[in-house]
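Encoded as structure tokens, the structure appears first; notes follow it.
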Amino acid sequence: MTVEQARRPALGWLLTDTMAVVRRHLLKVTRVPESLFFALIQPVMFVLLFAYVFGGAINVGPGGAQAYREFLIPGIFAQTVMFAVASITVGITEDSTRGIMDRFRSLPMKPGAVLGGHTLASLFQNILVIVMLSITGLAVGWRPHGSVLKTATAYLLLACFAYAITWVGAWIGLHMPSPEVAGTAGLAWIFPLTFASSVFTPIGTMPSWLQPIASWNPVSCLALACRSLFENPMPLLGTTFPERHAVALSFGWAALLLAIFAPLAVRYFKNNASSGKA
């Protein structure tokens, strides 16, 4: 370590180390472009499947199939953000089992930079997927009817939520013994959250006992918030607090998840430096 490096502020070290990890992951994507391809194609397949196969059986009020497509796309945005968690969960576990994490620990790097680089790289991939999904949505008839400010806020919310939820995936990945287990664990909790939500159907069509659960589901909040900001159809909207304040609550969920899981993940990574568990 040089004198100049030793004098560098702690924040400067953190940012430099974080971006070094981000660059590593972006280079990895260029060498294995198939991973990005399948990440891009999965939400497109969901859009086509629900828009043209199942959409006709789901009634969201006047407008028929076109109204359902406008209802669907914000929900697919929320689902896509959630499904991206599985990728970082597997990536973290893979780096741990291959000894990559130990190599990072042998370098004079800030502990938060390694996981921060992982999560930022995942965010960049999420942004690409959201752009691709937006283009697909426009192609099937979806339109954001809100103002430019509202539309920008919707995309900002998606980015904030995506970054926060990747820290949950990072924390889970640190605890998994193998990439195979991580792949299962990364999806096991996402499916119930996604399908017991307003992603594909209005909450008002669900059984009465499930409606409160679906209303407070963070995935429902995110989907409802996007529909509100894009001014897309919101049929059978209830009077519960989450349904009436979905935008504020979604930002709140993102802040809460980040505040809880980022410190937990960094602490676990740091405390297990000598045990070889992470």
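Every residue gets a Cβ built from N, Cα and C, even glycine.
Look at TrEMBL and you will find 34-272 tagged as domain 'ABC transmembrane type-2'.
Long-range Cβ contacts of the transmembrane segment (36-59) within its own chain (Cβ-Cβ under 8 Å, at least 6 residues beyond either end) map to 29, 65, 68-69, 72-73, 76, 79-80, 83-84, 87, 125, 128-129, 132-133, 136-137, 140, 200-201. What TrEMBL lists as transmembrane segment is 36-59 (among others).
According to TrEMBL, the transmembrane segment annotation covers 71-93 (among others). Tertiary neighbourhood of the transmembrane segment (71-93): same-chain residues 25, 35, 39, 42-43, 46-47, 50-51, 55, 60, 115, 118-119, 122, 125-126, 129-130, 133, 137, 140, 142, 154, 158, 161-162, 165-166, 168-170, 172-174, 176-179, 181-183, 185-187, 190, 193-194, 197-200, 202, 219, 222-223, 226-227, 230, 232-235, selected by CB-CB distance under 8 Å and a gap of 6+ residues from either end.
Residues or ranges marked as transmembrane segment by TrEMBL: 113-142 (among others). Long-range Cβ contacts of the transmembrane segment (113-142) within its own chain (Cβ-Cβ under 8 Å, at least 6 residues beyond either end) map to 13-14, 17-22, 24-26, 29, 36, 39-40, 43-44, 47-48, 51-52, 66, 69-70, 72-73, 76-77, 80-81, 84, 87-88, 91-92, 95, 101, 104, 155, 158-159, 162-163, 166-167, 169-170, 232, 262, 265-266, 269.
Summarising the annotation, TrEMBL assigns transmembrane segment to 154-174 (among others).
For 186-206 (among others), the entry in TrEMBL reads transmembrane segment.
If you look at the transmembrane segment (250-269), the same-chain residues 6 or more away from its ends with a CB under 8 A from one of its CBs are 101, 111-112, 114-115, 157, 160-161, 163-165, 167-168, 170-171, 174-175, 218, 221-222, 224-225, 278. According to TrEMBL, the transmembrane segment annotation covers 250-269 (among others).
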